[in-house]
Amino acid sequence: MEFSSRKTPTEGTGKQSAKPIKNELPETESVLPERAEWSNQMEFLMSCIATSVGLGNVWRFPFIAYQNGGGAFLIPYIIVLIVIGKPMYYLECVLGQFSSRNSIKVWSMVPAMKGIGYATVLACCFILSYYVVIVALCLYYLAMSFQATLPWGVCAPEWTNCVASDPSQQVGEVLPNASSSAELYFIKTVLQRSDGIEGGLGSPIWYLTLCLLASYIVVFIIVARGVKSSGKAAYFLAIFPYVVMIILLITTVILPGAGTGILFFLTPQWDKLLELNVWYAAVTQVFFSLSVATGALVMFSSYNGFRSNVYRDAMIVTTLDTFTSLLSGITVFGILGSLAKELNTEVDEVLGSGGTGLAFISYPDAISKTFLPQLFSVLFFSMMTVLGVGSAVALLSTVNTVFLDTFPRVKTVYMSALTCSGGFLLGLTYVTPGGQFILELVDYYGGTFLILFCAIMEIITVFWIYGLENLCVDIEFMLGIKTSIFWRFCWGLVCPILMAIVFVFALITVENLVFGGFYTYPIAAYAAGYTMVAIGILFVPISICAALHKFRTGNFITTFKKSFKPKPSWGPRSPMEKKDWLLFKTQAKVERQKMGVNNQLCHIWYSLSGSYRRKL
């Protein structure tokens, strides 16, 4: 496998250029079913913002930053964003727009690696299965926010050793090791959480089931007509959260003690920079936040016009995502700083739980102590609901697109109803008394780790099998811009090396999940978790074996090369665009051959530095 010098199926000598161009156009190319497109480029941009700017920015980023050195975490986070996050985001947008294919069919560029697409869709399904449940919880808290007294601010009579989150409702002396009413409300009233899953999960809780159903109905309405409906909804899904965040920021910074919390968030602990787990946290947060390696970006960009300026859009979204994370971090820690002053304690002592606990225990607890708790609560959970719906729409649309491209005669509304119904039935698992234990399990094993594996395989396949130079020529043909040395080095060296180091670190340091720091899962649960990861990883070797069998020729070397060579169908969807692209690639190949670069190391350097295109 070569870096990029391998001939593509369409490349040859200058004398033969006309003939292969004619022969390489598949006979069925002109009868491909019509594919939907965004009404305008702004719809694509807003959809990407609604996807990437989600719950992870509000409840995950502040807690991850706190765990990994506060302000010091911002340094590796921004570095990782620049050298991994932005390049990966740009790459997936390019692949989708160039090919007009979904996250599975896009691998016709390297048929043997089609398993990456299946692994990506599987990871997307894992995340989607519990993501809408979080939206349902936000919807439930939003409904409860309209009461005269916030229900989580008051201790129920049956709760022992409870301290009311609302100071005006506290009665009697606070005993040591007391739990806040917000925590007890979430665990005992909302979740009705069991002590474990050894005795089963229990029956779905009716009010959470209704909230889950309502969440899927909202998602269905948005995706029912494909990009025609989701594109219009994206304006609201992208803009509304910023309106709420700005309101919350303004009201937060004027709270007494808010400055202490903000400084706690921004003050770096420099010793943390030397810890590899901080960099691992930065990589996983960037991936989680930007939604790379989930198939969503490939899916959205596949509905773009072929000449759309996807480079500009990728830079806007990735920059805005970082800004949103910082904005939410400042807001959250401002609230916690005010709470610390009110309780006469330190900021790190009022942060509480991470994960869903941060969203539904720490935040409600802090909101109960503000001067307008109902208003804060309505604004906050409205924002959380909209953020969650935006990301859920992208995840479900990714799965939807895979099925619609496989069965193009099925109407979008029917396929949307089918996928939403399936998602709802899977989601019932998480709204049982034991559901939170399953949610943590699926998130830990089926989400982050599998996505990191998919991203590594994706970048190695694209740039070290399909070829860095080949992709840069494709970008030049599509966008009319030459790829700079920055993108080439990030794609060819920095991304695969750094992600491989992080992946190996994750393998070495992996530990069995312990829920909430107190509950150890039964062996069967850990086996199920590792099985989720294994199934996703196994898609890759299985697809390689399947391709070798499909393209068998009797000669292993010939079979191997054919399996890793782009299919004749690979390229722009439009027959005219494809014809021009084949000619463009042939001319680029001829010009490279004229340079007489025969040494492989020299060829790799020319590809990384962009010398081939710069010298034309």
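Each residue, glycine too, has its Cβ placed from N, Cα and C.
Predicted automatically and left uncurated, TrEMBL annotations should be read as such.
Quick look at what TrEMBL annotates:
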| type | residues | note |
| --- | --- | --- |
| REGION | 1-24 | region 'Disordered' |
| BINDING | V53, N57, S289, L387, S391 | Na(+) binding site |
| TRANSMEM | 74-95 | transmembrane segment |
| TRANSMEM | 116-143 | transmembrane segment |
| TRANSMEM | 205-223 | transmembrane segment |
| TRANSMEM | 235-266 | transmembrane segment |
| TRANSMEM | 278-302 | transmembrane segment |
| TRANSMEM | 314-336 | transmembrane segment |
| TRANSMEM | 378-400 | transmembrane segment |
| TRANSMEM | 412-432 | transmembrane segment |
| TRANSMEM | 444-466 | transmembrane segment |
| TRANSMEM | 486-508 | transmembrane segment |
| TRANSMEM | 523-548 | transmembrane segment |
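Here the features listed in TrEMBL are painted onto the structure.
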residue	record	contacts (Cβ under 8 Å, 6+ apart)
V53	Na(+) binding site	A238, P241, L320, D321, T324, L387, G390
N57	Na(+) binding site	S289, D321, T324, S325, S328, L387
S391	Na(+) binding site	A50, T51, G54, L55, G56, Y131, S291
(request) Answer yes if the transmembrane segment (378-400) and the transmembrane segment (116-143) have at least three CB pairs under 8 Å among residue pairs 6 or more apart in sequence, and no otherwise. (result) yes
(message) Taking the Cβ of each of the binding-site residues and counting other Cβ atoms inside 10 Å, which one has the highest number: S289, L387?
(response) L387
(message) Using a Cβ cut-off under 8 Å, which residues of the same chain at least 6 positions beyond either end of the transmembrane segment (412-432) come close to it?
(response) 128-130, 132-133, 136, 201-205, 208-209, 212-213, 216-217, 219-220, 223-226, 396, 399-400, 403-404, 438-439
(message) So if I exclude everything within five residues of the ends of the transmembrane segment (314-336), which remaining residues of that chain have a CB under 8 angstroms from its CBs? That is, six or more out.
(response) 45, 48-49, 52-53, 57-58, 61-62, 65-66, 74, 77-78, 81, 85-86, 89-90, 93, 242, 245, 248-249, 252-253, 255, 258-259, 261-262, 264-266, 289-290, 347, 350-351, 362-363, 366-367, 370
(message) Can you work out whether the transmembrane segment (444-466) touches the transmembrane segment (205-223), with the criterion being 3+ CB pairs under 8 Å where the paired residues are 6 or more apart along the chain?
(response) no
(request) Take a look at 74-95, 278-302, 486-508 and tell me which one has the most Cβ pairs under 8 Å to the transmembrane segment (116-143). (result) 278-302
(request) With Cβ distances under 8 Å as the criterion, find the stretch in 74-95, 205-223, 278-302 that has the most pairs with the transmembrane segment (486-508). (result) 74-95
(request) Mind checking which residues of the chain, 6+ beyond the ends of the transmembrane segment (278-302), have their Cβ under 8 Å from one of its Cβ atoms? (result) 35, 44, 47-48, 51-52, 54, 56-57, 60-61, 64, 67-69, 72-73, 76-77, 79-81, 84-85, 88-89, 92-97, 99-103, 106, 117, 120-121, 123-124, 127, 272, 310, 317-318, 321, 325, 391, 394-395, 397-398, 401-402, 447-448, 451-452, 454-455, 458, 498-499, 502, 505-506
(request) Could you give the residue numbers and ranges of same-chain residues that sit at least 6 residues beyond the transmembrane segment (74-95) on either side and whose C-beta is under 8 angstroms from one of its C-beta atoms? (result) 48, 52, 65, 106, 109, 266, 268, 273, 278-279, 282-283, 285-287, 290, 292-293, 297-298, 300-301, 310-311, 313-315, 317-318, 322, 325-326, 455, 458-459, 462, 471, 474-475, 478, 487, 490-491, 494-495, 498-499
(message) Cβ within 8 angstroms of the Cβ centroid of V53, N57, S289, L387, S391: which residues besides those meet this for the Na(+) site?
(response) T51, S52, G54, L55, G56, V58, D321, T324, G390
